[in-house]
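> I'd like to ask you about the structure that follows.
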Amino acid sequence: MLVSTVNGSLRRVSPGWIYLAGLIPLAWIVWLAVSNGLGVDPVKEIEHRLGKVALWFLMGGLAITPARRFFGLNLIRYRRAIGLIAFFYLCLHLAAWVVLDMTLLWEQALRDLVKRPYLYLGLAGFVSLIPLAATSNNASVRKLGRNWRRLHWLVYPAVGFGVIHYLMQMKVVSTEGWAWAAAFTALMAVRVTARAFPTRR
Amino acid sequence: QAKIAARPSAYSTDAKPNTFEEITTYNNFYEFGWDKSDPARHAGKLRTDPWSVEIGGLVERPGSYALEDILKNVTLEERIYRLRCVEAWAMVIPWIGFPLADLLNRAGVQPGAKYVAFETLLRPEEMPGQRGGGIDWPYVEGLRLDEAMHPLTILASGLYGEELPKQNGAPLRLVVPWKYGFKSIKSIVKITLTEAEPRTTWKSLQPREYGFYANVNPEVDHPRWSQATERRIGAGLFAKREPTLMFNGYADEVTGLYAGMDLRVKY
C-alpha cells in the first residue's frame, strides 16, 4: 500500500531533481568550510566527508535492485543519477587528497600510492568506475548492448575496494566501519541468493 | 581564574603555540570516543579529584602518591613543546609540568630497573570509550629508564597557564616530545619500574605499525603513510605540508640515547 503510493508519487519526480539533491552534501561542506564549522582540521574533515558522501551514494545505488525485489520499491530510473553523483564525489575526494592533504607534493603522493594498499585499493575502486561513468548514457547502453551489463558488473568490486579502503585507513576499525562492511556484505549476499533462488513470477 | 605559577624553560621552542581551542578540541583520547571531537564532548564526566598515582615495582618507596603531594614537591615549569602525532599532523603546545625524573627519584629507582610502565585510569562509567571493544583497556605505555629520566620528559598538569583540561589527559599526563603523541599517556594512575620491556597498547594492537620506541623519524614510514612530512594544525586550508624533523626537532638532546641502535628495526 505504502510502497505503491511512494512509487506513484515518484512518477512525478524526474531524475533531474536527484542530480540537484546530490549537490546538497557538497553545499553543506562548502558552507561549513566558509563558516569555520569544520573544526580544527578542516583538511581531513573535507577529505573524509567527501569520501563518506561517495560511499552513501555507492551503497544507495547497490540498494536499488534489492529494494525492488524485496519491497517492490521502484527506484531504477534514479540509479544512473545516483551512480554519477557518487562518481562526482569520488573525483572531489581524490582532488581533496592531492590538493589539500598532500598539497601537491606529487612525489610523496605517488610514493605513498604505490606502497600503501589502502591508497591503491581506493584508487583501484575509482579507476574501475571511470568506464562506468563514461558509458552511463543512453547511446552507450544501446551501442554496447549485452556488454553494457557485463561492464557495469565492475561496480561490485569497485564498491568493495572502496569499503576496504575506508576500513583500512582507520587505526582500529570502529563500529561504524563494521556497520558499512556488514551493509555491503548484505547487499552482495542478496545478489548471490537471488541467483541461487530466483523468485517465482 | 588564577594562573598556575610556572617558570619558563630553556627547553621551550620559540615556535608559536597552537590556540587553546585547537589544543582542546582536537584530541586522540579513545577512552572518550574515536572521533577527535569526542574527548572535548565526553571528558566532562571524568572525576579527577581525588587522584593518586600508584608507584611500584623496582622502587625503594612504593605506594600511593596523592596528586597534591606530588605537585607540592616539584617545581612547575612551562614547556612549550612540539607535538607530532603518528597520523602525520603536528601542533605546538605550552604544557606546564615537571621532569618525570623528579618523581621517579622521589620514589627511589632500584638498580635493577630498566623500564618504566605507565597505566591510564580504567573507569568505564566515566569513560564511554572503555565500554566499547577494539582496545584492551586500560591503555598502557612504557619508556626505557634513560628515556624516562631524560630532562625533556615531563609529567604535565597544566596547559596555557591553567589546570590541564580533562580531554588533554587531566590531571597528570606524560609528555615525551621526541616521540609520536601516543607514547605520551594520559590520566596516569600507575607507574611501575620493571626489568623487562613493558607491554604497550598500540604495539600489542598492531606490532607492524607501532613499535615500542615510536621515535619521530621522517625516514621510517608508517606502513600506511609516509612520515616524511606533516600537516601543521591551524595553518589553514591551503597551507603546505612541512618536513618532519628527526626526533621531532629534539635530535641534539636525544640522539645519544639511541647510539648504535638500528632505528629501522627499533621503530
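Including glycine, each Cβ sits where the backbone N, Cα and C put it.
The structure displayed is predicted, hence computed values, not measured ones.
What TrEMBL records for A:64-162 is domain 'Ferric oxidoreductase'. Annotated transmembrane segment per TrEMBL: A:16-34, A:54-71, A:83-106, A:118-139, A:151-168, A:180-197, in sequence order.
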> Within the same chain, where does the transmembrane segment (A:54-71) have neighbours whose Cβ lies under 8 angstroms from its own Cβ atoms, ignoring anything closer than 6 residues to its ends? I mean 6 or more beyond.
3, 22, 78-79, 82-83, 85-87, 89-90, 93, 155-156, 158-159, 162-163, 166, 180, 183-184, 187, 190-191, 194, 199
> If we skip the immediate neighbours and take only residues 6+ beyond the ends of the transmembrane segment (A:83-106), which ones have a Cβ under 8 Å from one of its Cβ atoms?
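Beyond its ends, the transmembrane segment (A:83-106) has Cβ neighbours at 18-19, 22, 25-26, 43-44, 46-47, 50-51, 53-54, 57-58, 60-61, 112, 123, 125-126, 129, 132-133, 136, 155.
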> In this predicted model, what is the average pLDDT of the domain 'Ferric oxidoreductase' (A:64-162)?
94
